[in-house]
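Engineer: TrEMBL lists these features:
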type     : residues : note
DOMAIN   : 23-288   : domain 'NADH:quinone oxidoreductase/Mrp antiporter transmembrane'
DOMAIN   : 290-343  : domain 'NADH dehydrogenase subunit 2 C-terminal'
TRANSMEM : 26-48    : transmembrane segment
TRANSMEM : 60-79    : transmembrane segment
TRANSMEM : 91-115   : transmembrane segment
TRANSMEM : 127-146  : transmembrane segment
TRANSMEM : 152-171  : transmembrane segment
TRANSMEM : 178-196  : transmembrane segment
TRANSMEM : 202-221  : transmembrane segment
TRANSMEM : 233-254  : transmembrane segment
TRANSMEM : 274-294  : transmembrane segment
TRANSMEM : 324-343  : transmembrane segment
Amino acid sequence: MSPTVFTIMISSLATGTIITMTSHHWLMAWIGLEMNTLAIIPVISTMYNPRSTEAATKYFLTQAAASAMILFSSMINAWQTGTWDITNLSYSPAHILLTTALAMKLGLAPMHFWLPEVLQGSTLTTALIITTWQKLAPMALIFMTLNNLSTTTLILLGLLSSIIGGWGGLNQTQTRKIMAFSSIAHLGWMITIASIMPNIMILNLVIYMIMTTALFCSLILSKSKTIQDTTATWTLSPTLTTMMMILLLSLGGLPPLTGFMPKWLILEELVAQNLSPTATIMAMSALLSLFFYMRLTYTTTLTLSPNTAQAKFKWRFKPNRTTLLMWASSTISIFFLPLTPLITQ
């Protein structure tokens with residue numbers, strides 16, 4: 001894809017998200033979501049192989065179905081209430097349709113099946129866009145309609161997503177699929193707390209995006225597409241290897257790293273709302289996710305791939321340059337926890 005076309009696509013992607021996030025009318029929100037979907041499809045299918053074409057087709061069908069459901073829910077709500085205002089969603093069937101559609105757009109369980117397949121068929125850079133930027137518009141719609149959505153439904157969706165996100169990633173060998181299940185699990189945590197404490201949901205979304213960006217930048221730099229590829233990271237850069245180890249532990253939610261902050265705040269709030277069983281299940285599901293992060297950590301830092309004297313090491317090739325985005329996001333992903341009292345004031 002030429003730089004000009006890529007720039008147009010990314011600009012359209014950003015514009016679509018911004019239109020959805022700033023709109024008050026359901027039709028404008030829908031137009032933003034459609035722009036978003038249509039802009040990312042050429043980016044997914046840039047590889048010109050059957051797998052990327054399949055990924056683009058799956059993404060288009062899923063997102064188009066979800067957009068149609070959003071449009072239908074807003075239409076029946078407008079029919080009943082006489083208003084197209086996003087915040088005035090008071091008709092019960094419209095809530096159910098909207099919740100289902102947004103869960104499908106985000107990749108929440110049980111509507112998550114498209115996400116690992118689409119990420120596996122796209123490049124690491126495209127996977128980064130899908131797991132971070134593409135979550136903003138649906139999350140904005142959830143935030144705007146929170147007062148009208150069912151708390152019980154959101155908590156059940158969140159619980160299911162966190163469990164399936166942990167369980168699904170256990171036997172994966174592809175880093176993109178692991179990141180897809182990681183995304184499902186993290187979104188589960190966000191949705192669980194959404195109707196109880198929206199501020200924590202936004203904080204969790206921001207931290208998740210920063211940590212995911214940092215890890216994807218590391219994977220792009222080390223060209224690690226499978227777990228086996230991560231064993232050769234040490235020959236590329238010992239510093240990068242150490243950084244990846246700490247990033248993975250942060251994504252797993254271990255203190256004293258940044259990833260512990262949202263989990264800590266969410267569990268604290270769930271217990272304060274007398275939802276101790278929910279908090280217990282969430283904490284147990286975090287252990288499932290932690291297992292596959294630990295497995296990636298182990299292969300990255302504690303194993304070296306068997307190499308003969310004639311084998312070409314990664315450092316013998318032309319190295320990619322580390323970016324400012326990678327170092328900034330990595331630093332925030334590691335050292336942000338002491339600022340928790342400042343953020344939660």
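Note: Cβ is positioned from N, Cα and C throughout, glycine not excepted.
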Engineer: Give residue numbers and ranges for long-range contacts of the transmembrane segment (233-254): same chain, 6 or more residues beyond its ends, CB-CB under 8 A.
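Structural biologist: Beyond its ends, the transmembrane segment (233-254) has Cβ neighbours at 182, 211-212, 214-215, 218, 221-222, 224, 260, 262-263, 286, 289-290, 293-294, 296-297, 300-301, 304, 307, 313-315, 319, 322, 330, 333-334.
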Engineer: Assess whether the transmembrane segment (324-343) lies in contact with the transmembrane segment (127-146), where contact requires at least three Cβ pairs under 8 Å among residues 6 or more apart in sequence.
Structural biologist: no
Engineer: Among 26-48, 127-146, 152-171, 178-196, 202-221, which stretch has the highest count of C-beta pairs below 8 Å with the transmembrane segment (274-294)?
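Structural biologist: By Cβ pairs under 8 Å, 152-171 leads among 26-48, 127-146, 152-171, 178-196, 202-221.
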Engineer: Could you tell me whether the transmembrane segment (152-171) and the transmembrane segment (91-115) have 3+ CB pairs under 8 A, leaving out pairs under 6 positions apart?
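Structural biologist: The transmembrane segment (152-171) and the transmembrane segment (91-115): touching, yes.
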Engineer: Is the transmembrane segment (127-146) packed against any residues at least 6 beyond its ends, judged by a Cβ distance under 8 Å, and which are they?
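Structural biologist: For the transmembrane segment (127-146), the far contacts come to 13-14, 16-17, 20-21, 29, 32-33, 36, 40, 43-44, 59, 70, 86-87, 89, 98, 102, 105-106, 115, 118-119, 176, 179-180, 183, 187, 190-191, 194-195, 198, 201-202, 205, 209, 212-213, 216-217, 220.
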Engineer: Any idea what the model's mean pLDDT is for the domain 'NADH dehydrogenase subunit 2 C-terminal' (290-343)?
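Structural biologist: Result for the domain 'NADH dehydrogenase subunit 2 C-terminal' (290-343): average pLDDT 79.
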Engineer: Please give the sequence-distant neighbours of the transmembrane segment (26-48): residues at least 6 beyond its ends with Cβ less than 8 Å from one of its Cβ atoms.
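Structural biologist: Those are 1, 5-6, 9-10, 12-13, 15-20, 55-56, 59-60, 63-64, 67, 70-71, 74, 77-78, 84-86, 105, 118, 121-123, 126, 129-130, 134, 137-138, 141, in sequence order.
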Engineer: Looking only at residues six or more beyond either end of the transmembrane segment (152-171), which have a C-beta under 8 A from one in the stretch?
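Structural biologist: Hits for the transmembrane segment (152-171): 96, 99, 103, 108-110, 112, 116, 177-178, 181-195, 275, 278, 281-282, 285-289, 291-292.
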Engineer: Go through the chain and flag residues at least 6 beyond the ends of the transmembrane segment (202-221) whose CB is under 8 A from any CB in it; none is fine as an answer.
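Structural biologist: Residues packing against the transmembrane segment (202-221) from afar: 124-125, 127-128, 131-132, 135-136, 139, 143, 175, 179, 182-183, 186, 189-190, 193, 236-237, 240, 243-244, 247-248, 250-251, 258-259, 261-262, 265-266, 320, 322-323, 325-326, 329-330, 332-333, 336, 343.
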